[in-house]
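**Student:** Okay, here's the structure, questions in a sec.
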Amino acid sequence: MAPQLLLCLILTFLWSLPEAESNVFLKSKVANRFLQRTKRANSLFEEFKSGNIERECIEERCSKEEAREAFEDDEKTETFWNVYVDGDQCSSNPCHYGGTCKDGIGSYTCTCLSGYEGKNCEYVLYKSCRVDNGDCWHFCKPVQNGIQCSCAESYLLGEDGHSCVAGGDFSCGRNIKTRNKREANLPDFQTDFSDDYDEIDENNFVETPTNFSGLVLTVQSQNATLLKKSDNPSPDIRVVNGTDCKLGECPWQALLLNDEGDGFCGGTILSPIYVLTAAHCINQTKYITVVVGEIDISSKKTGRLHSVDKIYVHQKFVPATYDYDIAIIQLKTPIQFSENVVPACLPTADFANQVLMKQNFGIVSGFGRTRERGKTSNTLKVVTLPYVDRHTCMLSSNFPITQNMFCAGYDTLPQDACQGDSGGPHITAYRDTHFITGIVSWGEGCAQTGKYGVYTKVSKFILWIKRIIRQKQPSTESSTGRL
């Protein structure tokens, strides 16, 4: 009986197996849905594994600390977290005029391009010529709702409306160091006289003959005698402890020769037929010859001689104080420009006062004495001198510093200009263009402690200069003599 009962139980178990299998194992579609919904539990030693952004923050919600572990970088973590928390606030491109958007939590920040401001860079800033010269390379003029840039003679305004492109090989103010620039077609020679103001009567000049022996021009008379030495300022302006100005580095330098062929004053080339100098130089000789392109007067290899046609001396020149110490020499034949002979650029009055004379340094050059009571230099010397504020300038001098003058030089360093440099250029460079800012005028000794060189302030005479140099345009041919 027992064996029969055991057999019956075995048969019953085998008959029930298919039904049990169908209850234990799910169909494939149901099983797949179940697996897709299953979340991963933290595995063993997970805290010791390197971060993974997909595992930490995409498969399940993460904390900022976990995101930092995944990125291992604070900036990347912040960028991710700002979007992760509440979406990308920059997706709508809220920043105008090329501004850059940075997402935040519940907000965003726009970094605006220059000239724009506001939360969305929606406001266009009003540019001012008083701030960085309005980004102009040369001249800046206020206009309605902004500024307008323009360029010096022989330059073209760039496509960006700010830069100035040299219009030829020998554009003004470019020495041999700054000549390797992009060139453009040179427009016809012309001068704009409309934008300059001047505190001085434009017609205040006296035209002199080429033979001006014993002539000192004042407001009252052209027939005064030669200036006598007294307790007046000394026209001993001078380049002391300067360096040699190599060929082409001071191409606007002119040298005035007396009737014996000796150099006695300097000058600045303004145009093919006009040279700027000091009024006090005019009474020092019977005849004047102008030399350009020379750097070594002992060799006489590179210079060109030019005869003088007319000389214009400011009618208000005061020999006793050197006020209005400015004159213009008109040549009989035009200067032939080259790499070594180039005019200095003439600035506008505003540009000179607000930009150039607020630079740290100016450049003075000449053939004058290299030390007080020393010999004149055979080679052209150049020195870089700092501008001196007006209050310091006036306190340092025993003589009047008028509104038509400014000081430059060092308080203690032995660098200055010296006798024989009078009338020469004080140049200021701005964006690789060199502008005439002063005329070497007078000083108390040479490079003396606590004393500075005094210069005629060219910005006071811009219109006066232009009224003269526009009277005659240069001829198409030049005729010059060799030294």
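Placed from the backbone N, Cα and C atoms, the Cβ positions cover glycine too.
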**Student:** The disulfide recorded in Swiss-Prot for CYS95 goes to which of CYS90, CYS110?
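**Tutor:** Matching partner in the record: CYS110.
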**Student:** Swiss-Prot annotation: CYS121 disulfide-bonded to which of CYS112, CYS129?
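**Tutor:** Among CYS112, CYS129, the record in Swiss-Prot lists CYS112 as the disulfide partner of CYS121.
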**Student:** Of the cysteines CYS136, CYS140, CYS164, which is paired with CYS151 in the disulfide recorded by Swiss-Prot?
**Tutor:** CYS164
**Student:** Just to confirm what the record says: which one of ASN211, ASN283 has N-linked glycosylation site annotated in Swiss-Prot?
**Tutor:** ASN283
**Student:** Could you measure between ASN283 (N-linked glycosylation site) and ASP325 (active site, charge relay system) for me? Cα positions, answer in whole angstrom.
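**Tutor:** Between the alpha carbons of ASN283 (N-linked glycosylation site) and ASP325 (active site, charge relay system) there are 12 Å.
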**Student:** Around ASP325 (active site, charge relay system), which residues of its chain at least 6 apart sit with Cβ under 8 Å of its Cβ?
**Tutor:** ALA278, ALA279, HIS280, HIS314, PHE317, ASN404, ILE439, SER441, TRP442, THR456
**Student:** Mean pLDDT for the domain 'Peptidase S1' (239-470), as a whole number?
**Tutor:** 90
**Student:** 10 Å Cβ neighbour count around GLU66 (4-carboxyglutamate)?
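**Tutor:** Within a 10 Å radius of the Cβ of GLU66 (4-carboxyglutamate) lie 16 other Cβ atoms.
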**Student:** Considering Cα atoms only, can you say which of GLU65, GLU66, GLU72, GLU75, SER422 is the nearest neighbour of ASP103 ((3R)-3-hydroxyaspartate) among these recorded positions?
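**Tutor:** So, spelling it out, the nearest of the recorded positions is GLU75.
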